[in-house]
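Asker: From TrEMBL, for reference:
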TRANSMEM  7-29  transmembrane segment
DOMAIN    35-78  domain 'Leucine-rich repeat-containing N-terminal plant-type'
DOMAIN    172-255  domain 'Disease resistance R13L4/SHOC-2-like LRR'
Amino acid sequence: MAKLYSFHSLLFILSASLYYYLFTCLAMISKTITTDEFALLAFKSSITLDPYDILSNWSISSSTSSFSSCNWVGVTCDEHHGRVNALDLNNMDLEGTISPQLGNLSFLVVLDLQGNSFYGELPHELLQLKRLKWLDLSDNDFVGEIPSRIGDLAKLHHLDLYFNNFVGAIPQSISDLSMLRYLDLSTNFIKGTIPHAIGQLGMLRILDIRNNKLCGILPTTISNMSSLEEIHLANNSLSGEIPKGIGDLTELNTVNLEDNLLTGNILMFNNTSLQYLYLGYNNMTGVLPSNVCQWLPNLRLLYLFHNDFSGEIPNVWRDCKELEDLQLSGNNFDKGRIPADIGKLIKLQVLYLAENNFEGKLGDTMTPGVSKEIRPCPFSPLKVA
């Protein structure tokens with residue numbers, strides 16, 4: 001009986017010692033693993049494919065040099081607080097979903113996961129990242145709608161959701177992103193109209209929503225976006241006329257409204273910055289303004305093909321000294337010779353005039369030795385002399 005008691009006592013002491021050891025280890029670990037590291041490890045656990053073992057060093061180790069998440073691939077920490085402020089895993093061929101725990105990286109400023117194969121819907125916990133300035137999730141396989149409260153990320157400067165499978169409408173709250181400079185929602189399945197409130201993005205420089213299913217008219221509030229340098233709305237079903245105020249945006253460099261259902265005349269632009277104007281494949285009418293080159297002296301590309309423009313082409317092209325690419329095919333311009341001024345455009349490299357009513361030879365207008373790479377469209381009645 002005494003031996004049995006002694007055995008049980010020894011067993012109790014050993015068990016207590018083992019529990020104490022395990023508790024001590026767990027306590028040490030719990031003191032060491034930070035909220036950021038828990039979030040990152042949860043993110044890693046949602047990765048289903050890492051073909052190049054990019055995240056192989058994302059693990060808890062007794063080695064001081066590799067223990068901190070600040071040394072993990074793609075992770076950068078703030079020097080002052082020692083907290084994770086950037087997660088950059090672009091073009092790593094990773095596949096998986098986004099863990100909601102990522103929303104606990106409260107000091108995160110940059111999140112760049114472009115060029116991977118992440119899928120599923122965006123977790124709403126991402127909207128907890130109040131310090132976030134750069135969010136790039138482009139070229140992935142995300143689905144679902146853009147979070148309706150995307151405007152909660154009020155410090156965003158850069159938002160890129162290009163080339164995913166997002167559906168639904170553009171959230172109204174996007175107008176709350178007052179610090180946004182770059183917005184790319186292109187090549188998705190976004191439908192509905194462009195919110196009028198988008199005009200509140202006064203600091204926006206790049207607006208790209210091309211290759212979607214947008215409809216309705218262009219909001220006149222776009223003319224309030226005084227910092228806008230590029231606007232890309234091609235390949236949608238936008239209708240109506242181009243708001244006149246867009247022509248007064250003096251910082252505009254590129255306007256791409258191709259392949260829509262736009263009507264009306266060519267907008268009168270009044271700036272020297274515009275270089276690229278894409279208006280092809282619409283339903284626009286009217287005549288070419290006689291002062292188009294005076295409005296746009298630095299124009300390098302003008303696409304007006306496949307509309308219903310008519311009348312004569314004005315002989316004013318000598319003022320378009322920077323023009324390299326002029327495409328007017330598929331309209332209803334009057335019969336007659338091509339204006340001689342076109343042949344004097346020293347930098348012109350591409351001239352498409354097919355499917356119109358012009359007569360004569362293209363070479364009749366060309367100065368010898370100038371624009372050597374002029375290429376008429378296939379089936380054009382014009383010939384290069």
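Cβ from N, Cα, C; glycine included.
Curation plays no part in TrEMBL annotations; they are all automatic predictions.
The model shown is predicted, which means the values in this text are computed figures rather than measured ones.
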Asker: Taking only the residues in the domain 'Disease resistance R13L4/SHOC-2-like LRR' (172-255), give me the average pLDDT of this model.
Answerer: 98
Asker: According to DSSP, how is the domain 'Disease resistance R13L4/SHOC-2-like LRR' (172-255) divided among helix, strand and coil residues?
Answerer: 20 helix, 22 strand, 42 coil
